[in-house]
């Protein structure tokens, strides 16, 4: 009778209660980075950081054996040709589907022009400054072209990051442009900066063309076409415009091999990233290449790095942090709204 009384129907506090476990969220509600965030991270870690080594290694190869820029471009293109085996194994056409073959070849031509201009610029101006001008022009041109041709808008934080990264590049290059020497040396230096700018413009056009390609084997196809078009255009140009050089020291061959591998990794990662994020944001994140190139310029090439270079590099890194944090925060807000 006592046990049925309501006052006796109380929980038994003498027994230990089982530990409470927080309810686990379903797998579809856990935080996952958005496609934009994935693209920016791939561009940062796989595109910008490896590319930062390409410029200094190219300059080292030139200083060691006076390796011409077109010959270096040929060596890089050779690393892209084995991708043809992957396309053959998958049964895909080497040049892509007939309806997009023209745009795929245009993408390859623009990338070859961009890389050729970059390698030529590195031989007459410091590697860090050449990378700075190329990445800065690619960012500005990508933003303008995307707004004009694709009608893609950017948030206020994204514009802040773009303007900040461009300001950092101006801080790096500005003092050098204001002290160009007169005569032949100054003319070659100015031409180097012009080539770097044209390389950035060609890069931004190539990224927009790549975003318009939609077929299953798009990435390996454009990578193979880059190597094929680069060889077809560079081999005749090497014998007409420059003098071929056969390096006879291990340092030059090591630099050439490193340039080919790192450039291939960067090419693939940037091509993937631009399908996930805005081209201007991808180019802005690729400014990390400038910071890496400046560090190698100082510690490996023993070239002077001015205080303005360090200040500009800090502004660039801060801008990249703003862009990345903005996209991460937007993804978190979207997840909360879905829940």
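Each Cβ is built from the backbone N, Cα and C atoms, and glycine gets one as well.
Unlike curated entries, TrEMBL annotations are predicted automatically.
Segment annotation: TrEMBL labels transmembrane segment over residues 159-178 (candidates 139-158, 159-178). Residue ranges 39-57, 58-76, 77-95 are listed, and TrEMBL annotates 39-57 among them as transmembrane segment.
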